[in-house]
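J.: Before we start, here is the structure in question, set down as structure tokens.
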Amino acid sequence: MKRAFILVLDSFGIGATADAKEFGDVGSDTLGHIADQCEQGLANNDQRQGALRLPNLSKLGLAMAHKESTGRFAPGLDADAEIIGAYGHAAELSSGKDTPSGHWEIAGVPVLFEWGYFTDKANSFPKELTDRILARAGIDGFLGNCHASGTQVLDDLGEEHMKTGQPIFYTSADSVFQIACHEETFGLDRLLELCQIAREELADYNIGRVIARPFIGPGKGQFERTGNRRDLSVEPPSATVLQKLAEEKQGQVVSIGKIADIYANCGITKKVKATGIPALFEATLEQIKQAGDNTIVFTNFVDFDSAYGHRRDVAGYAAALEYFDGRIHEVMELMQEDDILILTADHGCDPTWPGTDHTREHIPVLVYGQKVPAGSLGRRETFADIGQTLASYFGTSPMDYGKNFL
């Protein structure tokens, strides 16, 4: 019986890529810089103290993969751990350092075209675009129209939004159009309808995602985003390994978290909603228990990126990594003889880096299974090696990009 479990630690980069200079990210290193801060006692909070401890991920080869990527061991990680899995680091072939590009490339389809972007920091959106969106939605105006941090924009504009009923439109360095609205005063269904209108009106702009950012709270300093985020993505430009498994092998692809949104539901046969790392873990364990032959269980742990990476919260990121490390054995204990587990990421988001954007980094490729030989996979030239490996494992037609590493 063939089953694969893919766990994406969203934004967990392990060192800058050779092309990082093109993105302003030379020297970025999500794992390494978190470990440095922990070692120096600068990442303590009520959940964790001291050096970064990831014993289980180190056994799976994380410390070695980081060493091969950067030339140094991350402090605190066990450099002498007995390795029980295959490990490597992968560079990105795609033109961007965004979530869809990273995930699509993982599934064998790199993004070789350029996304559209809203590059102006203020007055970011063309008036003709916003006029059409507002007219279709029956709304008399909007707030924002700028590049913004998702949490800061709520403090800046949340109260005005509640008073006026006008949605908050904002963007970032990624190919995104984000809409923040209060779940209670504006309404979640109304927000999702507005996002669908925006998705349709953005067809000619080549924007990767429209993101619904619902929030709650009575006022400034008390607003918080809810778990009802939705990502409305465009479809991948060609069939991913997920689609090939579903169509060629009548297999099952179980999306946990925001995976289905990222792939615009293409190739997804079952969707499981969960919010927060503990709930995502529980959902993953439950779906593994239920999984039959020719099944991929695919989970995105978005909080590493959204709650800690973008917010530049080193201590929070470290605590989340240690929590994840403490539970990964639960997945491994459910694995059968032919199963494979792949731990990876979609880009970096170094919480010590200037700004709030993603960073262009290698991603870890950690592979475990009873039949997977332990040892180095070296540097992989594309994330698509993961997709090609899955295509070979499940016996689908090959992908156009990537090399099988098993």
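Keep in mind that glycine also has a Cβ here, set from the backbone N, Cα and C atoms.
Swiss-Prot lists these features:
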type    : residues               : note
BINDING : ASP10, ASP346, HIS347  : Mn(2+) 1 binding site
BINDING : ASP305, HIS310, HIS358 : Mn(2+) 2 binding site
J.: According to DSSP, which of helix, strand or coil covers ASP305 (Mn(2+) 2 binding site)?
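T.: DSSP assigns ASP305 (Mn(2+) 2 binding site) to helix.
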J.: When you measure from the Cβ of ASP346 (Mn(2+) 1 binding site), how many other Cβ atoms are you left with inside 10 Å?
T.: 30
J.: Applying a 10 Å Cβ distance cut-off over all chains shown, what neighbour count does ASP305 (Mn(2+) 2 binding site) have?
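T.: Its Cβ shell of radius 10 Å holds 25 other Cβ atoms.
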J.: Determine, to the nearest whole angstrom, how far the Cα atom of ASP346 (Mn(2+) 1 binding site) is from the Cα atom of ASP305 (Mn(2+) 2 binding site).
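T.: Answer for this pair: 10 Å between alpha carbons.
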J.: Restricting to the chain of HIS358 (Mn(2+) 2 binding site) and a gap of 6 or more, list residues whose Cβ falls under 8 Å of its Cβ, or answer none.
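T.: Same-chain residues close to HIS358 (Mn(2+) 2 binding site) (Cβ under 8 Å, separated by 6 or more) are SER11, LYS97, ASP98, ALA173, ASP174, ASP305, GLY309, HIS347, GLY348, CYS349.
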J.: For the recorded Mn(2+) 1 site formed by ASP10, ASP346, HIS347, name the remaining residues of the chain with Cβ within 8 Å of the site's Cβ center, in chain order.
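T.: Counting only non-site residues, the set is VAL8, SER11, PHE12, THR99, GLY102, HIS103, ASP305, ALA345, GLY348, CYS349, HIS358, ILE363.
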J.: By Cβ count within 10 Å, point out the most packed of the binding-site residues listed: HIS310, HIS347.
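T.: Output for this query is HIS347.
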